[in-house]
Amino acid sequence: MELKTSYASDNYPIIVKHHAINSLERYIKNEEQRFFIIDKQVYNLFVDKLEALAQKFDAKCIVIPSGETSKSFEHYHRTIEYLLSHQLTRQTCIVAIGGGATGDFAGFIAATLLRGVSFVQVPTTILAHDSSVGGKVGINSEHGKNLIGAFYRPKAVIYDLDFLETLPYSEILSGYAEVYKHALLNGEKSTKNIESNFTSNKVLQALKNLDYYLFEGIKTKLNIVVEDEKEKGKRKFLNLGHTFGHAIEYEHKIPHGHAVMIGILYQFIVANHLFETNYNIQHYINYMKKLKYPLSIIKQLHFEDTYHFMLLDKKNDYNGIQMVLLKNLGKPVVTHVDKDTLLSAFEELQSYFK
C-alpha cells in the first residue's frame with residue numbers, strides 16, 4: 001500500500017508493506033553522505049540486516065538509546081557535533097530507523113543540521129505510524145515533552161511491516177492507542193469496526209488485519225495535517241488523549257501509548273462533565289482491560305502533580321488548559337477546561353479503580 005501527501009508542494013510518499021525497506025535506495029542514492037540513526041533495540045534485533053544496508057549505501061550507523069531518553073538536549077548536542085565533524089554538505093541524508101522517539105530525534109537533527117538536510121523515516125513500531133507522518137520533529141526539555149522542535153517534512157516514509165513482528169506486547173499496546181485514537185476521530189462506525197476486530201490481547205498480539213488499520217490511521221492523520229500542517233486549528237484534534245496523557249507519561253515515565261489510552265479515558269469523563277454526552281465509561285475501561293492495558297497506575301496519580309504538567313501542554317493559552325474532547329465520536333473540539341472540572345473528572349476516573 002502506498003499513498004502520497006497532497007500539500008501544495010514538497011509532497012512525500014508513504015509506503016506501507018512488507019519488505020518496504022527495499023524502496024530506500026531511490027530516496028538516498030543521490031546523496032553525498034548518509035547516516036542511519038538507529039534505535040539501540042532495533043539495531044540489536046536486526047544488526048546483520050542493518051549493517052548490510054549501511055554497507056550497501058556507504059552509510060554510517062549512529063546507534064542511540066531506545067525511547068525518550070535519546071531526546072535530550074545533551075544527546076542532541078553530542079550527535080550534531082559528531083555529524084559536523086564529518087565535513088558535511090547539504091547533500092547529506094539522515095535516515096531514522098526506529099520508533100517515534102528515534103524519528104523525532106533524527107528529524108530534529110536533520111531540520112537543524114546546516115539549516116536542513118534530507119531526511120527519511122523508517123518507522124519500526126506501531127506507534128510510529130502516527131509520529132512518522134505529518135512533519136513534527138523535536139526533543140524534550142526538563143520542562144516537558146517535545147517543547148523544542150520544528151515542523152520538517154521527510155523525503156519519504158518507508159514503513160516496513162517486517163519490523164513489527166518482533167515487537168513486545170507492551171510496544172504493541174503503546175502503538176495501538178494511536179490507531180484507536182484515529183478510529184475515534186473517524187466516528188462511531190470506525191470505532192465499532194476496530195473494537196470488533198481487536199477483541200482481546202491475543203488478537204491484538206497476533207496483529208490481525210493490522211496493516212489495514214495502520215493505513216486507515218495514516219489516511220485519517222493526513223486528511224487533517226494537509227489542511228493544517230502548523231497546528232493552528234484542526235491538527236490539534238490529533239492530540240486527543242494527549243493533554244492528560246503527556247502529563248502522566250512525563251511524570252511517571254510510562255510508555256507513550258499507555259499514557260494516551262488513559263488520557264482518552266479521562267477525556268471521555270471530562271466530556272461527560274462539560275457536554276450533554278453520556279459516554280459509557282465502564283465500556284471503555286472494560287475494553288482496555290480486555291487488551292491488558294496496565295491501568296493500575298491510575299490509582300497512584302495525584303491531581304496537583306498531574307495538573308502541573310498539564311499546564312505545560314503546548315495547546316494551552318493565557319486562558320488556561322485546552323483539551324481535545326469528543327462531543328460525539330468523530331466530532332472533536334478544542335476547548336478550555338477549568339481546574340474544578342478537571343479535578344472532578346480526575347476523582348471520577350480514580351473512583352473506577354478503588
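Just so it is clear, glycine is given a Cβ too, placed from its N, Cα and C backbone atoms.
Binding of Zn(2+) is attributed by Swiss-Prot to HIS242, HIS256, and within the candidate set GLU178, GLU188, GLU304 the record adds GLU178 to that site. Spatially close to GLU178 (Zn(2+) binding site) yet at least six residues away along the chain are ILE126, LEU127, HIS129, ASP130, GLY217, GLY257, VAL260, judged by Cβ distances under 8 angstroms.
In this view, PHE163 (NAD(+) binding site) is surrounded by 24 other Cβ atoms within 10 Å of its Cβ, with every protein chain counted. Here HIS242 (Zn(2+) binding site) is positioned 21 angstrom away from SER66 (NAD(+) binding site), judged by their C-alpha atoms. For the pair formed by THR69 (NAD(+) binding site) and HIS242 (Zn(2+) binding site), distance between Cα atoms is given as 19 Å, rounded to the nearest Å.
Annotation for GLY103 (NAD(+) binding site): same-chain Cβ neighbours under 8 Å, separated by at least 6 residues, are ALA96, GLN121, PRO123, ALA128, SER131, SER132, VAL137. Checked against HIS256 (Zn(2+) binding site) by C-alpha proximity, the binding-site residues GLY100, THR125, PHE163, THR166 yield GLY100 as the nearest. Excluding GLU178, HIS242, HIS256, which define the Zn(2+) site, the same chain contributes LEU127, ASP130, ALA177, LYS181, GLY241, GLY245, HIS246, GLY257, ALA259, VAL260, GLY263 within 8 Å (Cβ to the Cβ centroid), listed in sequence order.
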